[in-house]
Every structure is written in C-alpha cells, then in structure tokens.
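Participant: Below is one structure. I have some questions about it.
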Amino acid sequence: MKLTVAYLVATFVALCVAAPAPSSYVVHEKRETQLDKWIKRDSKLNKDSIVPVSIGLTQRNLDNGHDFLMDVSHPDSPNFGKHWSMDKLKATFAPAPETIASVKSWLAENGIEDGRHKVSQSETWVKFDATVAEVEALLRTDYNIYTSKDSGEERLACEDYSVPAHLKQHIDFITPTIHFDAVVKITKKKRDLVTRSPRVRPSTQIKSGQVAAQSDLSFPLSTCDTYITPDCLRVLYNFPNGTLNKSSYGIVEYTPQAYLQDDLNLFYSTLTPYVPQGTAPIFDSIDGGVLQTTEEDFSLNGESDLDLEYAISLVYPQKVTLYQTGDLEVGASFNNFLDAIDGSYCTSGGGDVTVDDLDSTYPDPAAGGYKSKDCGIYKPAAVISTSYAYNEADLPAAYMVRQCNEYLKLGLLGTTILYSSGDYGVAGNSGQCCVNPGCEGGTYNDGGSGTFNPSFPGTCPYITSVGATQVKSGTAVTATQPEEACETVIYSGGGFSNVFPIPAYQLLAVEAYFLLHKPTYTSAQYNNSRVTRGFPDVSANGANYVIGINGQLGLVYGTSASSPTFGSIITLINEQRAVNGKGSVGFLNPVIYLNHGAFNDITSGGNQGCGTAGFTAVAGWDPLTGLGTPNYQKLLKIYLAI
Ligand SMILES: *[C@@H]1O[C@H](CO)[C@@H](O)[C@H](O)[C@H]1NC(C)=O
Ligand SMILES: *[C@@H]1O[C@H](CO)[C@@H](O)[C@H](O)[C@H]1NC(C)=O
Ligand SMILES: *[C@@H]1O[C@H](CO)[C@@H](O)[C@H](O)[C@H]1NC(C)=O
C-alpha cells in the first residue's frame, strides 16, 4: 500500500516537471500611464528585431530597509550615527542566490541559456538580447510600435506582460515593456535601439526676476526683504561663518547646465569677499559631465551659478564637490548619478543596462558621446543637495520605488539627501495638473487646472524635501521673526504622494495637520487618504536671491535656492560633530520630526496651483513649508547631544 502511494506521488511529480501548467503565469505590470500621447501603429513589427532585455531582480532585505535606516537615524536608537560600510550595504541587499537561480532557469527553459545572458556586477540585473518573437513568448505579450503625437518618435512597447507566478516575488520589473522604453530603429544593430535622450528629464526649480540695478552693490541687512544674501541667511537661520574643512558637501548638476567661474567671482567680490577669487568646486565628472561654455544664458547657467555661489560661500573654507552629470548628447537622470556614487546600485556593472526610456544610456554611442559608463566611481558626500525634480506622474511607480530605496541605502551610509520641493505650489513642473484623481494615467490638463501633481523624489520617504519661504515685506530679519510661505514669483511645492505610504516618523505631524487644519479639498484634488507621504519636510528662504549670472547681478527665486542653503546649514553641523569626534548626521527626518522646536514655524502664506489657492501654512507641519525654517544653534545643540 505504502509503496503504491510513493509510486503515484513520484509519477505525479515527474509529470509536473515535464509539463508545467500554462496557467501558472500572472500579469506582472500593466500600463496605467497615458496613451493619448502615443498612437499604436498597425504596421507590422519585424519579429526578428533584436531587443535588449533587462530584468530587475528583487533585492534581499529591502522589507527590513526601513528598520535598518531607523536603527542608525532615530535619536533614541543606541546605534544612532553608526552608519554602514559599502560592503555591508552590498552584502545585505544583493538578491538572494535563489532569486538569480530561479530567473536563470526560467530563461533557460525558454531557450535563453547561460551563455546568452549576463548578471550585473551588483547582481541586481539580468540582461540579454533576444528577438521580439522570443520576448513575446517569454513574457506572454504582444509588442507594438507606438508613435509619439508630439515628436513623431517611435517606441517599442506592450500593454502588459506576465511572468510565472513563482517568479513574481523575485522580479521588480522588466524593460522594455510597458514604459515606452525602446526607440524603434529596427536594424540588427542592437545599440541603435537605445540611442537617444530620456523621455522626461529632471527639471530645474529656479526662475529669474529682474536684474538688480548695478548701483545696488551694497546689500545691507536692512534690505533682506528685497535682496537675499549670505549675510541675510546667517541672521535668519542663526548660523556663523564657516571656519572648518572637516566634512563634505555635494551639489548635483545636470549637463548642459553649467556654472561660470566669472559669475562665481563676481558673487564673491560683491557679497562674500572672504572667498578668494577663483575658488571653484571640486569637479567630479559623471558620465562625461562637462562645463560647457559654447552657450551661455540664464537657462543654462542660472541653476548651477545659484547653487554653487551659495553653497561655496556659506560653508567656506569647506570645499564643495560638484557632481556634474551627463554628457552633452544625452544628458542624464537621477539614476545615472546614483550609479556613479553607489556601484551596488549601478544598473550596468560595466555593461549597458538602463531603464531606457527614463535614464540615459551609457556608453553613449552618439558622435561625441561619452564612451564609458561610470559605476561607483565616487564616494557620496555627507550632504548632497539637488535642485531638480520630476513629477510623480511622469514616472512608473516601480521605477520610483526602486530609486527611493536607493536613497534609503545612502541614508544607511550616512548621507543626507536633500531635494527642492518644486516651484509651482500644488501643481507639477511648469504648472502641470492632472486630469484624473490621483494623477491616474499621468495625463495633464492643458489649462492649468485639475488634480494636484506632487513632485518626485520629494515624495520619497527617505529624502528630506525642502520648500521655500520669503521674508515678510517691510520686516527686519532676525533669528526669531518667522518668514512666510514663498509667494513671490514662485510657490513652494508641496502636498501628498499618490504612490508612497506615510512613514512612521511623519504620522503624528500629518495627523495633527488633518485634525486641526483639515483642508477643504476632496479626493478629486489630492490624495486625502492620510496614509500617503506628505511633503516638504522643511523649508528655507527661496525669494530674491542675489546671484552673479552671465556677468551681472540678478535676482532669482525657487526651492532651487532653499535646498543648497539648507544643505549648507547641515554641513556646518556635520563639521561641529566632526570636531566632537562624531560622524555625519545622515538621514535627518527621524530626528527633526521629534524636534519641531529647532525650527521657526511658518504660519502664513499659501501654495496656489491647479486653479486653487493650494494649501495654507499653519501652526505645526504643513504641506508647503514642512516643519518650518531651521535655527542652526538649536539644531546643533540637538545633534551634539546624540
Ligand atoms: C562673516 O562674514 C561676513 C562677510 O559676509 C563678515 O562681514 C563678518 O565679519 C564675518 N563674521 C565673522 C564672525 O567672521
Ligand atoms: C579643504 O580640504 C580639501 C581636501 O582635504 C583640500 O583640498 C582643500 O584645499 C581644503 N580647502 C581649504 C580652503 O582649506
Ligand atoms: C491615495 O494613495 C494610495 C496609495 O497609492 C491609494 O491606495 C489610495 O487609493 C489613494 N487615495 C485617494 C483618495 O486618492
């Protein structure tokens, strides 16, 4: 009897192996982004065309990532400040051997044997070339050619794709699939499929105002309500001139934006004569990043000039590092930058795997393009400020989640990541608002009205998002007189994510906001579920900054100014911690949300957008100025005590 049962079981197992049930496939991703900009073409696709396929493997321990980060970032943790080494980071998050093995055996079952695919150095990607027909069979999908209504560009994409059910947990996402990844230049030369710029580029968060009259060469503290200078900021946020060179501070810029040394020099000589003429940032070029000077104007020099003039002057003699990212041909995205400072994230491992539609592809085959790909070549600075952003609605959720987890890892390494929160209030870049609630489908209204459009990475819970304030007109600057939300030229970006859940550190602050100051808008305008991340976290002045720009003094506005200023203050705190034998502060949010008292609460002003008045600044945290503007002396005291 027993023998018979064993025999039957064995037979059954053998049958299963021989004939896997087709029904075991499940849909992995389905397109929810807009189709109205893309027309599906009926013309036949050559099924023999070669497609470069990338499978993003799920990393191990990411579900513990939040707890790991809190362990080194929460002020009550005995391990506060005990940041991780790069080796520990890599060992902890690399995909499980089982993940790699099961994806490999699935590929082999489908005729894509070991010799044809490559696992990236970081072991987070499996990459191979296959014909359209092979990929269609592998992913149970149909590819089509789509034409962009705007540009006429052609892309290879599908509507959805499936993977075997047992592999779902091992795969983040696969490209090219639903994201209009691959440009169609159907030839057998696989490189030609991916030769181009990304569909969306990160946008700067800066606007220019009038040029300050050349007679206004002195800017006394009494004029800080119309001209912001480093001296004004030192009074407002109660911080001293720099004296040390013991930490590191990085500013990220994306080519073709570039600073001009003459503009920096003009700024120093006018406003910060203690910085010697010729003082330049440490130049870290990434993926062919260059300081182009063939074209000069505000749109190409304004962002870099602003960021570097203020960062360099506020932390001098601390040296500032410039991460100049992207070549002149295809530019770069945040992922290209992240690859360069974390080899374990690097999508390529020396190869050429990218999320093609969203990141730039290196090596860049264009004439004059950068012929390599930079992977883990620089150590991340202790504080990194970026004044560029996307709209959440521009990017697929899986892509944003993967990038957000990379910010989590940088926090584990002890880096403070700052992003400006946007300049269009509750609207997205250029004032874009969505057609559908929750920005579902990612379709924008033409008329500037519609659903609020949150910014990314502002909504990633593992960065610190910086909004903008302004000095109240006619008031003198002091360290105790609060400013108001910025309403001059720009409006502070803020709101609630449609993608990221609310992090524990923010629960009380957001709950208090809804309890005491519930906005009247409905779910038709924004995600009012109270279960998603609110932003920004903090703010700093973003109006009337005097800068040197294209040989003149100009005035600029934007959260672009707020982020490098806030980063300078954190850098000065890191230096004092260094003097006291302590490491960098790392991820800020768990500490600052427990210390509202270290911030000047901003309680007036709004962030209009999408045809509404936006949110209003109120007592406590709010979705336009966060916790408020920093008081350096108070923050320093807190950070020297932990
Ligand atoms: C700080 O720098 C300013 C110039 O911006 C200078 O006027 C001031 O004296 C300096 N303060 C100290 C304490 O060195
Ligand atoms: C700061 O330190 C860096 C690296 O140690 C050094 O290259 C630089 O010259 C220093 N800057 C100043 C102003 O002392
Ligand atoms: C808010 O976002 C969450 C997370 O994406 C989603 O589950 C929920 O349906 C959204 N709610 C509203 C009212 O948009």
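A Cβ is built for glycine as well, from the same backbone N, Cα and C atoms used for every other residue.
TrEMBL feature annotations, pasted as is:
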type	residues	note
ACT_SITE	Glu303	active site, charge relay system
ACT_SITE	Asp307	active site, charge relay system
ACT_SITE	Ser560	active site, charge relay system
BINDING	Asp601, Ile602, Gly620, Asp622	Ca(2+) binding site
DOMAIN	227-642	domain 'Peptidase S53'
SIGNAL	1-18	signal peptide
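Each of the listed features needs to be described in terms of its position in the shown structure.
Facilitator: Around the Cβ of Glu303 (active site, charge relay system), the number of neighbouring Cβ atoms within 10 Å comes to 26.
Its Cβ taken as reference, Asp307 (active site, charge relay system) is surrounded by 31 other Cβ atoms within 10 Å in the chains shown.
DSSP assigns Ser560 (active site, charge relay system) to a helix. Here Ser560 (active site, charge relay system) comes close to Thr204, Gln205, Ile206, Glu303, Leu306, Asp307, Ser387, Ser420, Asp423, Gly542: these same-chain residues lie at least six apart in sequence, with C-beta atoms under 8 angstroms from its C-beta.
Reduced to three states, the DSSP call for Asp601 (Ca(2+) binding site) is coil.
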Participant: Could you say whether, by DSSP, Gly620 (Ca(2+) binding site) belongs to a helix, a strand or a coil region?
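Facilitator: For Gly620 (Ca(2+) binding site) - judged by DSSP and reduced to three states - the answer is coil.
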Participant: For the recorded Ca(2+) site formed by Asp601, Ile602, Gly620, Asp622, which further same-chain residues have Cβ atoms within 8 Å of the site's Cβ center?
Facilitator: Thr603, Ala617, Val618, Ala619, Trp621, Thr625, Gly626, Leu627, Gly628
Participant: Quick test of your reading of the structure: among the recorded positions Glu303, Asp307, Ile602, Gly620, Asp622, whose CB sits under 6 A from ligand 1?
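Facilitator: By the Cβ criterion, which requires under 6 Å to ligand 1, there are no hits.
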Participant: By the DSSP assignment reduced to helix, strand and coil, which category contains Glu303 (active site, charge relay system)?
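Facilitator: Looking at the DSSP assignment, Glu303 (active site, charge relay system) belongs to a helix.
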Participant: Do you know the mean pLDDT across the domain 'Peptidase S53' (227-642)?
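Facilitator: Here the mean pLDDT over the domain 'Peptidase S53' (227-642) amounts to 94.
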